[in-house]
Amino acid sequence: MNHLGNVKYLVIVFLIFFDLFLVNGRDVQNNIVDEIKYSEEVCNDQVDLYLLMDCSGSIRRHNWVNHAVPLAMKLIQQLNLNDNAIHLYVNVFSNNAKEIIRLHSDASKNKEKALIIIRSLLSTNLPYGRTNLTDALLQVRKHLNDRINRENANQLVVILTDGIPDSIQDSLKESRKLSDRGVKIAVFGIGQGINVAFNRFLVGCHPSDGKCNLYADSAWENVKNVIGPFMKAVCVEVEKTASCGVWDEWSPCSVTCGKGTRSRKREILHEGCTSEIQEQCEEERCPPKWEPLDVPDEPEDDQPRPRGDNSSVQKPEENIIDNNPQEPSPNPEEGKDENPNGFDLDENPENPPNPDIPEQKPNIPEDSEKEVPSDVPKNPEDDREENFDIPKKPENKHDNQNNLPNDKSDRNIPYSPLPPKVLDNERKQSDPQSQDNNGNRHVPNSEDRETRPHGRNNENRSYNRKYNDTPKHPEREEHEKPDNNKKKGESDNKYKIAGGIAGGLALLACAGLAYKFVVPGAATPYAGEPAPFDETLGEEDKDLDEPEQFRLPEENEWN
């Protein structure tokens with residue numbers, strides 16, 4: 001309990017809780033691996049290798065011929081020299097550095113040519129002079145300054161020496177400059193007079209370090225057995241960084257509304273790379289769940305409403321013409337003796353038996369000429385003019401007199417689609433007095449039932465009566481072809497408009513030409529440059545003074 005009062009104790013407990021429950025529960029994306037660091041043998045990759053051979057007098061001719069040159073040849077045999085791998089540079093140094101194989105030359109990329117040049121050192125170069133390692137390292141730095149080396153290639157320097165350089169400080173300075181520019185330096189010591197501490201320090205190994213992969217030494221007799229493991233250790237030492245690849249597009253969210261997850265993947269290029277990641281996604285807010293509403297039950301009526309003739313009758317819509325009327329069903333109980341045809345002669349029944357059947361006027365047969373309906377108008381022409389909403393359709397010309405209606409009551413039965421025109425012969429039956437008074441009136445026949453345009457005279461009627469060989473099928477009159485007449489009128493109007501425009505343009509052209517020759521000022525645009533004022537005057541008027549030039553003529557000068 002005393003620990004609870006200690007602030008430091010509480011802080012430590014909070015940090016432990018934060019590390020266990022919060023830090024370990026971080027998002028998965030924080031553990032994504034996008035880059036991999038790995039080690040690879042440099043000898044199989046792009047490398048610019050600089051081989052520096054000590055040719056000082058301390059090596060002696062015997063060791064040069066039997067050990068030093070064969071050591072260099074064995075080292076080159078282990079290298080992969082080609083355009084896309086290792087490029088070789090070789091120089092020998094004694095008093096000064098001498099270039100043997102130039103970097104990026106043919107021998108630098110061809111192992112056979114490089115071995116021929118190294119084998120020639122047995123006869124062309126003999127050990128002599130001092131150990132000028134500083135000049136040899138300076139030649140390597142010049143390649144970097146002149147950008148002779150490849151930018152994407154690893155830079156490796158391998159030194160074969162048997163002793164201590166002339167200037168230790170200068171050699172260390174040059175080695176530090178190369179190391180700062182990313183160049184690795186490896187030293188292979190040969191013989192009994194080598195300085196192990198200096199060589200380890202030259203390659204960057206601290207004296208307290210145990211094993212140094214960039215340094216190895218051997219006696220002259222065992223040099224061929226040591227160079228192989230040494231070069232393998234040097235090649236493995238190079239560390240590289242590789243990218244794990246590009247991610248694919250995100251997948252759609254796992255839900256259509258609310259919170260869900262989405263993921264994306266990529267191809268694994270190296271071991272240890274992350275291949276798939278997930279993250280949360282949120283879509284639009286989900287709508288509320290549908291729930292059925294509680295609908296109260298309606299109580300049924302104890303006494304249902306009666307249906308039948310006493311139910312409410314729906315009134316028919318006005319101004320609607322039935323092109324196919326149905327004949328009213330006859331009532332066998334009423335009017336058996338008065339109406340043998342079965343039609344209801346009651347004009348205004350108080351209670352119609354069937355409200356769905358439209359009101360029909362009685363149809364009087366032909367033999368009942370004495371019975372005249374009470375609703376026959378005195379002037380049938382006025383009645384015909386009121387029925388203007390009924391569309392007109394011509395009837396066949398071959399209708400005979402027997403097919404014509406004999407009763408005015410049939411007029412109200414709609415024909416499909418044009419009712420027959422009231423003729424004078426029907427007026428004769430309905431109103432005999434009017435026929436007697438108008439004795440000069442023309443009595444039409446069945447031929448006059450055809451529809452005619454306005455303005456037709458009686459000559460055409462007589463022609464139709466004279467020649468009865470009319471075609472059986474009715475022919476449409478010119479006024480019954482509105483589409484053809486309309487097209488013909490439109491084409492005639494187009495020609496008229498085009499002719500008017502052409503005539504107007506011709507008149508304008510003639511008026512312009514006339515105006516050009518009649519009015520002098522109209523020809524001004526077609527004239528050349530205006531002549532000077534003196535040139536327009538005559539010879540006798542050029543010497544006149546300005547007041548005399550503009551003086552009005554005297555009375556005697558007008559003639």
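A Cβ is built for glycine as well, from the same backbone N, Cα and C atoms used for every other residue.
Note that this is a predicted model, so its numbers are computed, not measured.
If you look up Swiss-Prot, you'll see 283-292 (among others) marked as compositional bias 'Basic and acidic residues'. The helix, strand and coil residue counts that DSSP assigns across the compositional bias 'Basic and acidic residues' (283-292) are 0 helix, 0 strand, 10 coil.
According to Swiss-Prot, the feature compositional bias 'Basic and acidic residues' maps to 370-400 (among others).
Annotated compositional bias 'Basic and acidic residues' per Swiss-Prot: 444-459 (among others), in sequence order.
The compositional bias 'Basic and acidic residues' annotation in Swiss-Prot covers 466-495 (among others).
Among the features that Swiss-Prot reports, compositional bias 'Acidic residues' is placed at 536-547.
According to Swiss-Prot, the feature compositional bias 'Basic and acidic residues' maps to 548-559 (among others).
In the three-state DSSP scheme, CYS273 (disulfide bond) falls into the coil class. Per Swiss-Prot, disulfide bond is recorded for CYS244-CYS273 (among others), and the stated evidence type is experimental evidence.
What Swiss-Prot lists as disulfide bond is CYS253-CYS281 (among others), and the listing cites experimental evidence. In three-state terms derived from DSSP, CYS253 (disulfide bond) belongs to neither a helical nor a strand segment and is classed as coil.
Per Swiss-Prot, the feature disulfide bond maps to CYS257-CYS286 (among others); the stated evidence is experimental evidence. Other Cβ atoms within 10 Å of the Cβ of CYS286 (disulfide bond), summed over all protein chains shown, number 11.
Annotation source Swiss-Prot lists domain 'TSP type-1' at 241-287, citing sequence analysis.
Note: ASN132 (N-linked glycosylation site) has non-local neighbours PHE93, SER94, ASN95, ASN96, ALA97, PRO165, ASP166, i.e. same-chain residues 6+ apart with C-beta under 8 A of its own C-beta. Among the features that Swiss-Prot reports, N-linked glycosylation site is placed at ASN132 (among others).
Among the features that Swiss-Prot reports, N-linked glycosylation site is placed at ASN310 (among others).
For ASN460 (among others), the entry in Swiss-Prot reads N-linked glycosylation site, with the evidence type sequence analysis.
Per Swiss-Prot, the feature signal peptide maps to 1-25; the stated evidence is sequence analysis.
The topological domain 'Extracellular' feature in Swiss-Prot is assigned to 26-496.
Marked as topological domain 'Cytoplasmic' by Swiss-Prot: 516-559.
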Residue from CYS244, CYS273, CYS286 whose C-alpha is spatially nearest that of CYS253 (disulfide bond), among the disulfide-bonded residues: CYS286
Residue among disulfide-bonded residues CYS244, CYS253, CYS257, CYS273 with least C-beta crowding, 10 angstrom cut-off: CYS257
Spatial neighbours of CYS281 (disulfide bond) that are distant in sequence (at least 6 apart) but have CB under 8 A: CYS253, SER254, LYS259, GLY260, THR261, ARG262
Stretch-averaged pLDDT - the topological domain 'Cytoplasmic' (516-559): 56
